[in-house]
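See below for the structure under consideration.
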Amino acid sequence: MMAVLRSGGRVFIMLLISRMLENSLLSAEVKEGEILPPTIQKLMKGYNKYLRPFFDNGPVTVGMSLDVASIDTISEINMDYTATIFLRQRWTDERLVFEGNKSLSLDGRLVELLWVPDTFIVDSKKSFLHDITVENRLIRIFPNGTVLYALRITTTVACNMDLTKYPMDKQTCTLQLESWGYNTNDVMFYWTRGNESVSGLDTLRLAQYTVEDHYTSASEAIYETGHYPKLIFHFELKRSILYFILETYVPSSLLVVLSWVSFWISQSSVPARVCIGVTTVLTMTTLMMGARTSLPNANCFIKAIDVYLGICFSFIFGALIEYAVAHFCTLNHPNANIVMYGHQMGGFDEEMNGMVTTIAAENNRAKRRKEKAAAVSAPMAELELVPSSPTGSEPKPEAPEEPSNRCLTVLVLLRKFLRKAANCCHVENPHLIDNYSRMTFPLSFVFINLLYWTYYLYL
């Protein structure tokens, strides 16, 4: 029986509260415990939240201001940022005018009884209103009917980024506020204090960016259904480059310098020079792959860091090719090989024997080619010197076939061309290649670095 009475009492209380809400009988406390005057209660009895203020007397003006609490993440892959903001909206509702000189702070849950603007964030991908421990809303009514409505929102907003100068880039992102259903004939938006309407950026600390500038603007959004009020908050972010200098630029530059060590190693130390070249190439490849993991895989973006890594990779690969060219030229210059290996006879006997064997094999091949050429040309000379028989009784030698003559002509021309090409690429002393590389590689790298940093930092 007691349980039934208790349940009945709860139902009665709930019905009483719902009836009070339906009749809009608001009772809110002010600083000294005063109760809302009866005149306001009378006004609220006829209040209709479905009609905007000044329904028949022109548009209602809504002033806005922002407090940026934090910018949590800025993603280059998704091209968006996540921020927590305090959005404040002010407007005047002539139906809420009351006598007195004190504002009334009401429970945020009573916002369901009032008309509020249908403001939304245009480029928002995901947003939510904080509700711990209750929904983070603020309602304050002033005697002249002005309503202050504040919200705490966390939103993820799209930001179109230009990454061509990454990581020396500057990004300008926006936060756009529009009215969803009321057009410019019903609602007008404005910033309450111009550029000072947005605060919190001066004390904001970001991991990878610094906020260089911010400003506000107002415009209209034009859609098929009409013109709608629009407020835009612009803020410019500059990326901090120190992290990338320590993480990418310095290691890649040191790898380039490491590849130059091979220029001071003897050309006879084949394993050492090849090992340095291959190791630096592979390490540079790994560094390039790691630098791209946090960036979008878009073909339209050739980023500044990609250009620099490509330059470093070209210099490292060029150092490896330099040794291949120098070693090849050394093999084709027997005299240079004898001079080079003669003063190291005691320590490099095996290498000298291998080089001499290689040179002897090359000479033998050259002699065989000459013998074959002489054997082919001798029959042709004999054919030209044998006189024809006056009686015609002796058999005439058969004339050579035309295809054979053409093949021999092509081979002779090809041999002449190869000899001329070899003479053009002839190097008197292959050791000078390393000497020249010791100067040209560092100077070229420094010059290209000057061009690179001047272009991406100042142009």
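Using N, Cα and C of the backbone, Cβ positions are placed for all residues, glycine too.
Whatever TrEMBL says is automated annotation, not expert-curated.
It should be emphasised that the depicted structure is a prediction, and the values quoted were computed from it without experimental measurement.
According to TrEMBL, the feature signal peptide maps to 1-27.
TrEMBL lists 40-240 with the feature domain 'Neurotransmitter-gated ion-channel ligand-binding'.
Summarising the annotation, TrEMBL assigns transmembrane segment to 241-265 (among others).
Summarising the annotation, TrEMBL assigns domain 'Neurotransmitter-gated ion-channel transmembrane' to 248-453.
Taken from TrEMBL, the feature transmembrane segment covers 271-295 (among others).
Positions annotated as transmembrane segment by TrEMBL: 307-326 (among others).
Residues or ranges marked as transmembrane segment in TrEMBL: 439-458 (among others).
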Checklist entry - For the transmembrane segment (307-326), what are the same-chain contacts with Cβ under 8 Å, counting residues 6+ beyond its ends? => result 248-249, 252-253, 255-256, 259-260, 262-263, 267, 273-274, 277-278, 280-281, 284-285, 287-288, 291, 430-431, 433-434, 437, 441, 444-445, 448, 452
Checklist entry - Restricting to the same chain and to residues at least six past its boundaries, which positions have a Cβ under 8 Å from a Cβ of the transmembrane segment (241-265)? => result 167-168, 208, 272-273, 276-277, 280, 283-284, 287, 291, 305, 308-309, 312, 315-316, 319-320, 322-323, 434, 437-438, 441-442, 445
Checklist entry - Hey, which bits of the same chain come close to the transmembrane segment (271-295), Cβ under 8 Å, at least six residues off its ends? => result 76-77, 163, 166, 248, 251-252, 255-256, 258-259, 261-262, 265, 301, 303, 305-306, 309, 312-313, 316-317, 319-320, 323
